[in-house]
Every structure is written in C-alpha cells, then in structure tokens.
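Chemist: The structure is given below, and queries will be raised subsequently.
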Amino acid sequence: MDPNQRIAKISAHLNPPNLVQMCDGSGLKRVGCRAKGGSPGFKVAILGAAGGIGQPLAMLMKTNPLVSLLHLYDVANAPGVTADISHMDTSAIVRGFLGQQQLEEALTGMDLVIIPAGVPRKPGMTRDDLFNINAGIVRTLSEAIAKCCPQAIVNVISNPVNSTVPIAAEVFKKAGTFDPKKLMGVTMLDVVRANTFVAEVMSLDPREVDVPVVGGHAGVSILPLLSQVKPPCSFTQKEIEYLTDRIQNGGTEVVEAKAGTGSATLSMAYAAVKFADACLRGLRGDANIVECAFVASHVTELPFFASKVRLGRCGIDEVYGVGPLNEYERMGLEKAKKELAGSIQKGVSFVKK
C-alpha cells in the first residue's frame, strides 16, 4: 500500500466523503477503515452526538466492545467531537457526519440508532415546553431512519419521550416501516435514579437494587413499583411518598441544581448507554435481557406504556405486565395513565395534522 493510501485509511473514519480532500491527483479518498484486530460488532449511530447528552454518550459507546462502527451525527460541531473521541484506544471505528445533507449517509446500514437530539430543559420549563422544538427534530430524524435503516432498533431519548416516541411511530407508520419491536423510548434514567435513591434509604449497594419503573417519562407518569423492589424491601408510607416524589422529580432536581446551565446530561448518558448495551446484548442473542422502556403496548388501554421488556435478536421479544400493585401504586397508575393519554395524543396529532 503506498503512503497516500495508508494516510487515506487512517483518516477516512474522521470525515464523510465530501469532506475528504483530493490532493496531488493521487486519488486520496475515503476507503473502508477498520482498526487492526478490531472485533466484529454492531453499527451504532448517535443523532445529536455533539450535545450535552450526545458527547458523553458517544464517549461511553466508543468504549463498548459490542460496537464496531460508531457514527456521530449533528448539525454543528460533529467533526470536532468525532476527532476527539476517535483518539480513544478502543476497537470501535468512529465517523462524523455534519448537517442535514449527511444525515442519510450517517444512518445507512445501522443496527442501532440512538436519538438524544434536541434542546435541553431549562429552569421553569416543563417537558411539555420542549415539545414544539423537539417534536420537529424527531420527526425529521425518523423520516430519515425510515428511509435509510428501517430495520434498525431505535432508542429515543429526546424529550418529551411520552410524545416523541408516538411521533416516531406515526412517521414509521406513514412510511410503512413501523415495527413495534424496534422502537423504544429510553426511560432507563428513571430506573437508575430509583435504584440509587432506594439504595440510599435502605443502605444498600445500588448495583444490587432493581426497581421496576413503569408508565412514562415525565412527572406523575413515572411510577416506581416499590412493592416489587429486588431485593425485597419494606418501606414506611413516608418513605414510599418521599422516594416516589424524588424519582418523579429527579430531572427537576438536576435542572435546579445546575441553575440555568443545563439539565441531566451525564446521568442520562450513563443510563442511555446502559440501555443501549442491553439492546446490543439482545441483538447478540444473550438470554434474559430485561429492562424497562416506553414502548408500543397492550399492557393498559393506552397505545404506549413503559414496562419491563425482554430484549432479543429482533428487538423486543416480550412486554411484561405491571404485576401485582398495592393501593398506593394503583392510584399512581391511574394518575400516570391520565397524564400519558394527553402526551401520547399530542405526539400523534403532531404528525397527522
């Protein structure tokens, strides 16, 4: 291989084709690029990779041994983030894509697409306030997914998840590509918070705690099932009310603590990677991969609901029911469903109007 070809091979993963310079008539252009010894794995795209969630998410996904190719897309700053992360000595190859004109190439051939794109919540903002901006972004990205990688598993992080997942579903339905097994709203941060807060109260290691969180991903739609905690725990009513309130308002806690400088980005990236890894292990064929996610559902009368789901080679293999609830949780479920119904309809109407 001559020097120009070697240089092309090294640099190809940093820039999409129309950013690579032709020079000296050598025919220097993008070529297939894989790190020597890189293990086969899955192709993952992050849409919104230069944002507050996107950057730590991209960094953590670069360390995942199940990822062989990582596409980082954003409307600004994608080349810089790509260059930075590509220097990490892990086997995943990183490629950057900048702007709408490169969106389709960023998505072609992907196995998993993660969408953190959109604006973050600011103090005083509800998740509903984010709707008009983020709804349009998710619709545009979903249209491109339907065209370029309709078989990919899609993890939606962009808030309000209770509305953006139905938006993506409606776009996929219009395109004739909707597969309810492959579209998932990421509610893992609610589970991560629940595990952490319960562990604090009970003086346990949070890594050993598992709290199912059902419903949705905003305020009272978030329903932690403390009666089903593993290992089994006994809570006073005061503890139940404290924990439920803190889990439901964990996002607001971070927004207020950051005092106008941002929202939950680092813990969200951690939770998103934890969920993405579960999806990839399911794709690989690992058994008994069960996590909570906001998905198309028949668990309640609502078309979408966050439940425990078992992940497999085709995405979702099984959606579990909520299980036995105590009276406090039954009341919480009714509040959650009321909140969810309006948010879901808002997303559906956005695409249909």
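Backbone N, Cα and C atoms are what each Cβ position is placed from, and that goes for glycine too.
Predicted automatically and left uncurated, TrEMBL annotations should be read as such.
Copied straight from TrEMBL:
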type: ACT_SITE; residues: His217; note: active site, proton acceptor
type: BINDING; residues: Gly48, Ala49, Ala50, Gly51, Gly52, Ile53, Gly54, Asp74, Asn134, Ile157, Ser158, Asn159, Met268; note: NAD(+) binding site
type: BINDING; residues: Arg121, Arg127, Asn159, Arg193; note: substrate binding site
type: DOMAIN; residues: 43-185; note: domain 'Lactate/malate dehydrogenase N-terminal'
type: DOMAIN; residues: 187-350; note: domain 'Lactate/malate dehydrogenase C-terminal'
Chemist: Out of Gly52, Gly54, give me whichever of these binding-site residues has the highest number of other Cβ atoms within 10 Å.
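Modeler: By the 10 Å Cβ neighbour count, Gly54 comes out on top.
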Chemist: Where's the emptiest Cβ shell within 10 Å among the binding-site residues Asn134, Ser158, Asn159?
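Modeler: Each of the binding-site residues Asn134, Ser158, Asn159 was scored by Cβ atoms within 10 Å; lowest is Asn134.
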Chemist: Given the model, what does the mean pLDDT over the domain 'Lactate/malate dehydrogenase N-terminal' (43-185) come out as?
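Modeler: For the domain 'Lactate/malate dehydrogenase N-terminal' (43-185), the model's average pLDDT rounds to 95.
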Chemist: What is the interatomic distance between the Cα atoms of His217 (active site, proton acceptor) and Ser158 (NAD(+) binding site), given in whole Å?
Modeler: 11
Chemist: Could you tell me how many residues in the domain 'Lactate/malate dehydrogenase N-terminal' (43-185) are helical, how many are strand and how many are coil under DSSP?
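Modeler: Tallying H, G and I as helix, E and B as strand, the rest coil: 63 helix, 30 strand, 50 coil.
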Chemist: NAD(+) site residues Gly48, Ala49, Ala50, Gly51, Gly52, Ile53, Gly54, Asp74, Asn134, Ile157, Ser158, Asn159, Met268: biggest Cα-Cα distance, Å?
Modeler: 18
Chemist: Under a criterion of Cβ-Cβ distance under 8 Å and sequence separation of at least 6, what residues of the same chain contact Gly48 (NAD(+) binding site)?
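Modeler: Non-local contacts for Gly48 (NAD(+) binding site): Gly54, Tyr73, Asp74, Ile115, Pro116, Ala117, Gly118, Ser158.
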Chemist: So for the residue listed as 'active site, proton acceptor', how many other CB atoms are inside 10 Å of its CB?
Modeler: 29
